[in-house]
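Annotated features in TrEMBL:
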COMPBIAS  280-294  compositional bias 'Polar residues'
COMPBIAS  303-313  compositional bias 'Low complexity'
COMPBIAS  326-335  compositional bias 'Acidic residues'
REGION    271-335  region 'Disordered'
TRANSMEM  237-261  transmembrane segment
TRANSMEM  373-393  transmembrane segment
TRANSMEM  427-445  transmembrane segment
TRANSMEM  473-494  transmembrane segment
TRANSMEM  500-519  transmembrane segment
TRANSMEM  531-550  transmembrane segment
TRANSMEM  556-578  transmembrane segment
TRANSMEM  616-635  transmembrane segment
TRANSMEM  641-662  transmembrane segment
TRANSMEM  674-694  transmembrane segment
TRANSMEM  725-744  transmembrane segment
Amino acid sequence: VDAVRVYVNSSSENLQYPVLFVVRQQKGVLSWQVPLIFRGLYQRTYNYQEVGRTLCPSEPTPETGPSDQIIFVDVSSMAPFNIAYELLVTRLENFQLETNKAFNFTASPSQPQYFLYKFPQDVDSVIIKVVSDAVYPCSVVSVQDIVCPVYDLDHNVEFNGVYQSMTKQAAITVQRKDFPGEQFFVVFVIKPEDYACGGSVPSSIHGNVNRTWNLQRTKNLQVTIVPSIKKSVYVQAMFFSFLSFLSFYLGSVVVAFVHYIRVRRKASAGRLSPEDGSGIMTSSHPITASTPEGSSYGAIDESSSSGGRQLSSPERGPPAGSDTDSSVEEESDFDTMPEIESDKNVIRTKVFLYLSDLSRKDRRIVSKKYKIYFWNIITIAVFYALPVIQLVITYQTVVNVTGNQDICYYNFLCAHPLGVLSAFNNILSNVGHMLLGFLFLLIVLRRDILHRRAMEMKDVYTLDYGIPKHFGLFYAMGIALMMEGVLSACYHVCPNYSNFQFDTSFMYMIAGLCMLKLYQTRHPDINASAYSAYASFAVVICLAVLGVVFGKNDVWFWVIFSMIHVLASLALSTQIYYMGRFKIGKCYLGIFRRAAMVLYTDCIQQCSRPMYMDRMVLLIVGNLVNWSFAIFGLVYRPRDFASYILGIFICNLLLYLAFYIIMKLRSSEKLLPIPLFCIVATAVVWAAALYFFFQTLSSWEETPAESREKNRPCILLGFFDDHDVWHFLSAAALFFSFLVLLTLDDDLDAVRRDKIPVF
């Protein structure tokens, strides 16, 4: 293909009488003026007296064969005086780019460049890689169809094709199916200003100072076009993704089978303990002799519990296994049982509390309370996910229609399109969250069914061994893990600053549900209701949205948020310290007055030892951590507000989990092999996952051009990048984390509740 480049130069600086150049070809007309004027911010103008343009090439057809090109160049001016100019027409030797061969060239605002590329016969997709040693001047890389004229100036390069801004690196994936002629132009334009790439913003200056002449903005570029992956790699990546996580299903089946064999052997040997160490009651136990006849579920005898009087016998409820979702019991029944109201405050003031003190309510009613977590999160997921899906589809449509690849912050060196999706690999890698979330639901369902069967074999009101089995929060955690995969995939359809909260919303809920489950384990009667918990999550998400809008530079927002954070920490600390035994009353300052009283009585009057030493240590450390977060946010004001809030949740969860495990070991309780394995696996997988998480491949905290400087090639199967590996590992880490909470207290299944300490 022959291409011709026209170079013109004029010494005239008279903007009233520019020299006009019109080039007429067989299929098009190209025109420009000298001085060539570019406009920037605040009406600032940049004038150039030297202009170089490549004419739209004409490719000989098989019918006509090679022929000479006839070009007319018209030069005119309305000036009443003579103007000198220089005109030079040259033939381009290297106009067509070759596959896997780097080509170096130079461009400037008034002398853009573009080249032709034709798809080889065996290549369906290519990646255009452009690099430069210099950050500035800011440039634009565009891919346009073979149409004349070619849009190769700053003010019109966005009119056709796909384009992206660039500092030191750019990459565009092009598919053969998008170009019927199996060829395209690669256009390189240098912008007159750098603000679009993160450079300095020119100040607003009035007068002639706004005019700049012949500003030297030359940039050396290197372009290489390499074949992209083939369809077989897509198939391999999908098989790898599904088989990797289906192996967890196989492992779960193996563990369940081994557990079944072990139980059968113990049953045949007649050596079964009250429960078999997996949270499931499997055989009878002579507990009726030590439990007061007619006592309610979880009730304790005076002889086995200090400080508590024997409860009056409530009316006998329905038989075991009948805790269906009937509407007989209302939510108001949870805290209106007379025998609980009469002495719960007395019991909870004991210095040493046992699980029997906090598991006195009817099991059926408490189970229904925790099932609300499951049904509510399904409702929330549907109402939250549908608008999100609609929005990201709109984002992807805008990208495909406009061709503006600065809208979405992909890792363009490893963004593999499929259909209308620009980065299918970032979406596929989230399948682990959905598969493992569903697997966790199956594991919880199995435990729930086995527990119900065990209840049918017993008198439910005489069972007071082990941790009370309430599975509603576990079901909610499984749904949250699945929804995290769905919403993370939605975010990666078009990752940017505006929709990052989609990726983090259910992470807040996962962290919050894990903390609630950990607290519920030994505080089943006083844990938060589903309505208050989800209302709290809603407040957090509202704060996250406000942080996205106002958290960049507004100091007032950070002051208000830090105050809310500190006050919420104090309020929650008071609630935990007093086991929910105080009421805020009409004055909302009463909670903080109570906190001040705690500090006075436990730290001043009894400075040697607080009344509740373990709780006090946990709350002091927790408040120091949260106050440190508040001070950090107020001082540094991080732009990534959603990750900042997520960090607060995760640090609090890790702190509470570490405290729980330490107190468990301190109480002479043991860790069985399965929870111990899950703890080790959780730590190892989280460490590996965080390593890949901090391998930043893009950043919407910067401009799109600056973000592309962080782009890296794929590292797994030639299809997945570091962030995809983070998706895989974080899904496994969350799954193991859930298993830790599910199995952590299996060693207590044969221990009476009046022997299990509360902490």
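Cβ atoms are placed via backbone N, Cα and C, with glycine included.
If one looks beyond the transmembrane segment (473-494) by at least 6 residues along the same chain, the residues whose Cβ comes under 8 Å of a Cβ in the stretch are 370-371, 373-374, 376-378, 381, 384-385, 388-389, 392-393, 395-396, 399, 407-408, 421-423, 426-427, 430-434, 436-438, 440-441, 444, 500, 502-503, 505-507, 509-510, 513-514, 516-517, 520, 727, 731, 734-735, 738, 741-742. The recorded stretches the transmembrane segment (237-261) and the transmembrane segment (616-635) do not share 3+ CB pairs below 8 A when only pairs 6 or more apart in sequence are counted, and are therefore not in contact. In this chain, the transmembrane segment (373-393) lies close to the transmembrane segment (500-519): three or more C-beta pairs between them fall below 8 angstroms, excluding pairs fewer than 6 positions apart. At the 8 Å Cβ cutoff, the transmembrane segment (641-662) and the transmembrane segment (427-445) share fewer than 3 close pairs (sequence separation 6 or more) and do not count as touching. Counting residues 6+ beyond its ends, the transmembrane segment (674-694) has Cβ neighbours under 8 Å at 255, 278, 661, 722-723, 725-726, 729-730, 732-733, 736-737, 739-740, 743-744, 746 in the same chain. Across 427-445, 556-578, 725-744, stretch 725-744 shows the highest tally of CB pairs under 8 A with the transmembrane segment (500-519).
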